[in-house]
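Data first, discussion second: the structure below is written as structure tokens.
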């Protein structure tokens with residue numbers, strides 16, 4: 001499911017796939033007959049292969065001029081890129097990638113368990129870069145689940161709300177820093193990305209923001225949710241322009257909400273496919289540069305590599321730096 005977004009955000013995709021047991025090669029132990037392999041996006045089915053043909057996911061593809069923020073709620077993602085970097089992350093981790101002047105990367109969804117289903121849920125959020133930063137060097141930052149703050153709030157009737165902070169502070173709790181060239185790295189950007197779980201009927205006070213900052217709230221589970229007295233239907237969003245504090249209220253059952261907040265960049269946007277620049281001439285140049293250089297080429301044998309089944313969560317960066325969750 002794709003949702004509309006507001007500047008500085010460009011796009012938000014919510015992937016929820018009930019993958020079956022794995023087949024020993026990190027693909028589904030199920031027939032693929034009748035699927036449009038290479039372009040399997042049927043939302044009426046319980047799971048999709050997307051652009052993958054044996055393992056689901058998105059084999060190598062290019063980007064320039066913006067960022068991807070991938071919030072994995074369940075399941076795992078194997079990353080490889082044209083800088084030579086690789087990673088496996090999931091189960092609450094966030095990858096924040098600045099495409100800058102250009103990168104190719106692959107995002108595959110390995111089905112690691114052969115003895116049980118492999119459910120996957122993630123958000124991929126595209127956020128614009130200002131003109132001054134569109135041609136910076138590519139870079140990604142891992143926000144490991146163990147380092148991401150979770151804040152518990154209790155309302156006057158004892159009902160619980162839980163906030164998971166991928167960006168933006170809440171009541172003194174601050175997540176790890178975004179990449180250095182991100183719009184979110186500027187204090188004046190007022191960027192926040194929060195996953196919010198509301199118990200039935202819970203009320204949560206969202207703090208005031210700077211004048212000009214826009215907030216969008218997306219309900220992806222639950223009915224009867226409201227913000228500042230405005231109802232939000234399931235699988236829908238509400239945009240809030242009022243900078244004052246607002247009340248988010250749950251419905252008759254538990255609900256899940258994604259908040260995207262930020263001050264607009266307010267620059268012209270030219271977008272075609274995987275490239276986001278400021279003018280059509282820059283878009284044409286992006287395609288020409290990609291055809292000429294491949295944004296660094298591709299050093300892997302496969303267009304959609306996956307790591308060994310036994311491999312844990314890790315990131316190997318282009319500069320040789322290796323990290324694991326701590």
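Placement of Cβ uses the backbone N, Cα and C atoms for every residue, glycine included.
Under the heading Fe cation binding site, TrEMBL lists 61, 63, 105, 107. Annotation comment: TrEMBL describes 42-127 as domain 'Pirin N-terminal'. Here TrEMBL flags 194-296 as domain 'Pirin C-terminal'.
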Just counting, how many other CB atoms are there within 10 A of the CB of residue 63 (Fe cation binding site)?
-> 25
If you take the centroid of the Cβ atoms of 61, 63, 105, 107, the listed Fe cation site, which other residues of that chain have their Cβ within 8 Å of it?
-> 58, 60, 62, 68, 81, 103, 104, 106, 274
Composition by DSSP (helix, strand, coil) of residues within the domain 'Pirin C-terminal' (194-296) = 17 helix, 45 strand, 41 coil
Most Cβ neighbours within 10 Å, among the binding-site residues 61, 105, goes to 105
CB neighbours within 10 A of residue 107 (Fe cation binding site), counting all protein chains shown, number 24
With DSSP, how much of the domain 'Pirin N-terminal' (42-127) is helix, how much strand and how much coil, in residues?
-> 0 helix, 50 strand, 36 coil
Across the domain 'Pirin N-terminal' (42-127), what does the pLDDT come to on average, as a whole number?
-> 98
